[in-house]
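Here's a structure for you.
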């Protein structure tokens, strides 16, 4: 069979046109927003003599409305860079699948190794970085090199020690007059030792030495190199050696190599190359293994591509491969990411019916799916099934179960599991770690039980378990909601004294505490915030100063937002608007912050206008920001009414209706605001969490309250 050519950009492009329509849809690039910019020179017009603005001058207004994609670095004495400790405890980070090979007998116990036992004992006694030359010279005098089988036994014995493996290989290569001609197999054994130790630089250097010495690289060599690069997360190097495998030597990949390269492409986000290689390999007669299908399932799951997951099921049926535990886990996680809890439950039932025993990762994936879907009944059934069958449990699974209990409101069940983890006599579950305590604190915090959260936090400290930044944030937020502002400040000060490095989320939590505090308490919180983020405190004081102009405010707000991570910028603005409203700042401040946030694109998807209906989506806003957005919307409608412009037949407002047991939804607060203003919006009978009004009712109210609406604007 002729070797397959290496995948190139051209072959990937051709693949787009040869693929079925459903697959081409996955490969289309995402549309990007475009802007038209007039480019012209700054020279004077020869006819009119007028000056045309330069390109920089044309772009300058646009630049004032843009924020940086990443946070602006801050000096170390201003705001310390936090350690990357904000990690979801229920999200493990292993690769899709670790290759499992047959267990081999230890080389030292091999029958033919008996004459080598004295040498093996001598090598074992040497330090890890010792040079084996003198020891080997003593055992194999000049003119009596080891036999190939003895050399292979020694290399296999030294597999756990990559330094000694390389030392032995160097000694064999240095024997005089070619007394020991090295074949490819000896290099392959040494490469496997380097792969096991994740020593990619040494592995690549050894492969290049093989090329320089004229030793041919076979399929096992390339497979070992590619899988070693994959294990060391040197994905680009893995692709380079895979392409060399095709182009230079014409070596055909085996099943392990195909699966490894598919995973490498998926890790690099090269979806087109994954599908192209899969089709080309299938066309060459390759039968995909469980590893390949697990890679495809993971890739489609991360992309939220349900059609792709269906393709994996279809291919497995055609090939006749029954899923093993690893494929089932990948498929379950993929269905969870695509929001298909019902299909995930059916797949789990099929898995158990086929006799495949679930492991901790299976149950972790299922618990996360049920938690996201708020399936309390199914979550309880999974809980009972685990307890009856005594299924395996690790810290990741137990922490995920605790998080699931928080999602569906199972406080008693969470307490039972947590107490079992703390029970020294209970051996079925692991001991609680800092993530277990954090998950339990989150449950109490979500339930508004500040006393239990604070007690568990203190127990965590007394037990010698250092809280992470997530624990501090949850406790401070819980105390703030309970109006226990002084205790929240004390927890923050204690954390700073223990070396806590605040991050953007903790700063957002402190902003919410400021919004909930009284005037006296606000000064106390701001004094502590000075140690965390001076610029935020400066911005708050500027908002409260009526003498500060909107231009100065705009520059300061832009600096604060640029210094923060993109995912916290809108929450920052929500809290700042709440502070303006709750602390009696100048009346226009809340609206100014709202408009500036709109300028920076943070509130870009609130409004929807159709010919027959206008809608306002408030689901991502705080209570104060939602009131400000609604008042601003009413001002816009009033202005159109004055200008005698057309208005739609109906108006609707979406506040959402969370299914979380502990959620304090926006709907009730917004309904009270509507009642206070006597606005003719009423709850929708067909959509929970929505308020609707007709054009006639709203116009009548606007005409009666035009002066108050103008003042609010």
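Positions of Cβ are set from backbone N, Cα and C atoms, glycine also.
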Of the residue ranges 65-115, 116-166, which one carries the region 'Disordered' annotation in TrEMBL?
65-115
For the repeat 'PPR' (394-428), DSSP counts of helix, strand and coil?
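Final tally across the stretch: 26 helix, 0 strand, 9 coil.
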At a C-beta cut-off of under 8 Å, are there same-chain residues at least 6 beyond the repeat 'PPR' (433-467) that contact it? List them, or none.
89, 395, 398-399, 402-403, 405-406, 409, 411, 414-415, 418, 421, 474-475, 477-479, 481-482, 484, 487, 491, 495, 498, 660, 662
Helix, strand, coil residue numbers for the repeat 'PPR' (359-393) per DSSP?
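So the repeat 'PPR' (359-393) is made up of 28 helix, 0 strand, 7 coil.
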